[in-house]
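Accompanying notes for the structure given below.
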Amino acid sequence: MAELRALVAVKRVIDFAVKIRVKPDKSGVVTDGVKHSMNPFCEIAVEEAVRLKEKKLVKEIIAVSCGPPQCQETIRTALAMGADRGIHVEVPGAEAENLGPLQVARVLAKLAEKEKVDLLFLGKQAIDDDCNQTGQMTAGLLDWPQGTFASQVTLEGDKVKVEREIDGGLETIRLKLPAVVTADLRLNEPRYATLPNIMKAKKKKIEVIKAGDLGVDLTSKVSVISVEEPPQRLAGVKVETTEDLVAKLKEVGRI
């Protein structure tokens with residue numbers, strides 16, 4: 001049991017507290033000079049892997065991120081939380097903006113095979129695109145069982161029991177290892193990295209590779225046509241009678 005190895009995917013996203021601004025040309029959102037941090041659901045995935053290691057159920061945790069050089073900051077955060085080493089799949093800025101779930105899933109699948117891991121943890125979704133697809137696609141490419149929206153994870157020999165949130169309740173499933181698990185909000189509360197661990201993380205190894213080294217083509221067949229802010233919500237108007245209501249609706253062209 002103690003020989004299990006876990007790969008945890010972490011994504012660098014605009015910090016959840018930042019007000020998003022759309023670029024003037026509507027090609028995307030403004031990222032220059034904007035605070036970034038680890039995707040909150042990825043933090044939960046890292047925390048769960050670390051807890052399993054603390055129980056001596058996992059031997060090694062590898063944190064991986066795809067994107068520009070700044071992604072190494074996100075990997076360092078995972079290392080400070082308790083991951084053992086990192087892998088940075090370097091993708092240039094312009095190409096990184098077009099990375100979709102399928103491209104990342106291909107990278108993760110190759111790394112999972114290369115590193116011979118038993119568990120692949122991801123956040124259930126990222127707060128920037130909210131796709132909720134990468135974990136499922138990775139499991140499909142690997143032909144591994146998957147436990148998505150996990151709210152509880154328990155290792156049982158060569159299986160992992162996952163309690164997952166579904167519409168109207170909870171579902172409990174058992175997956176034969178190796179398996180893919182995506183973390184939901186209620187799985188755990190991630191720890192804050194302590195200063196000593198932050199200092200230790202600076203000495204931990206981060207391997208830098210390119211997608212081509214894995215034989216992965218990052219070309220996307222999906223392109224963003226336009227990104228727009230939601231329309232501003234207009235203030236309501238109080239009316240005294242039904243007749244006034246009908247007149248107002250006619251005035252604004254609703255009837």
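Even glycines carry a Cβ here, placed using N, Cα and C.
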Ask   = Swiss-Prot tags one of 68-90, 160-182, 183-205 as region 'Recognition loop' - which one?
value = 183-205
Query = Taking the Cβ of Ala126 (AMP binding site) as the centre, how many other Cβ atoms fall within a 10 Å radius?
reply = 21
Remark   = If one takes Cβ-Cβ under 8 Å and requires six or more residues beyond its ends, the residues near the region 'Recognition loop' (183-205) are 40-48, 50-51, 76-77, 79-86, 121-124, 149-153, 164-165
Remark   = Phe41 (AMP binding site) -> DSSP, reduced to three states, gives helix
Ask   = Which one is closest to Ala9 (AMP binding site) in space, judged by CA to CA distance, out of the modified residues Lys203, Lys210, Ser223, Lys238, Lys248?
value = Lys210
